[in-house]
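**Student:** Shown below is the structure under consideration.
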Amino acid sequence: MSCQGPVCTNLGLKPGQRLTVKGIIAPNAKSFVMNLGKDSTHLGLHFNPRFDAHGDVNLIVCNSKKMEEWGTEQRETVFPFQKGAPIEITFSINPSDLTVHLPGHQFSFPNRLGLSVFDYFDTHGDFTLRSVSWE
């Protein structure tokens, strides 16, 4: 079962700041999505852990989107997620990229859109949001 999650706007996240998301992955999860960007049409990071979706199994797919144009996918094979389990994910904003901090693993994704401020966050899919914090 998938549903639209909350949308946060006017976050004002700049290099040196980070966004931490906590929640519970659904017991029957196929995938979930977290987006960070300027707005819903300018996504600096589309973060999509896939348990079994779009032909991918236990894979994290990241991308960027400007208007309706998607960039090239970046795929991460380290998959620290478990169905039905709590998770904490932190996104650190850097001048030229974002660092995604996961349990026992981290990776970077380039700031392809050259955003100086990340104002937008949304999440949807097989994930129940418990908290969002930024500093």
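Glycine is no exception: its Cβ is also placed from the backbone N, Cα and C atoms.
Feature table excerpt (Swiss-Prot):
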| type | residues | note |
| --- | --- | --- |
| BINDING | H46, F47, N48, P49, R50, H54, N63, W70, G71, T72, E73, Q74, R75, E76 | beta-D-galactoside binding site |
| DISULFID | C3-C8 | disulfide bond |
| DOMAIN | 5-135 | domain 'Galectin' |
| MOD_RES | S2 | N-acetylserine |
**Student:** Per DSSP, what is the residue count of the domain 'Galectin' (5-135) in each of helix, strand and coil?
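**Tutor:** Once the DSSP states are binned, the domain 'Galectin' (5-135) shows 0 helix, 85 strand, 46 coil.
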**Student:** R50, G71, R75: which of these binding-site residues has the sparsest Cβ neighbourhood within 10 Å?
**Tutor:** R75
**Student:** Same chain only, sequence gap of 6 or more: which residues have a CB within under 8 Å of the CB of N48 (beta-D-galactoside binding site)?
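**Tutor:** When sequence neighbours closer than 6 are ignored, N48 (beta-D-galactoside binding site) has S31, F32, V33, I60, V61, C62, N63 within Cβ distance under 8 Å.
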**Student:** Report, in whole Å, the straight Cα-to-Cα distance of C8 (disulfide bond) from H46 (beta-D-galactoside binding site).
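**Tutor:** C8 (disulfide bond) has its Cα 15 Å from the Cα of H46 (beta-D-galactoside binding site).
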**Student:** What does the structure give for the C-alpha distance between E73 (beta-D-galactoside binding site) and C8 (disulfide bond)? Integer Å is fine.
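**Tutor:** The Cα atom of E73 (beta-D-galactoside binding site) is 24 Å away from the Cα atom of C8 (disulfide bond).
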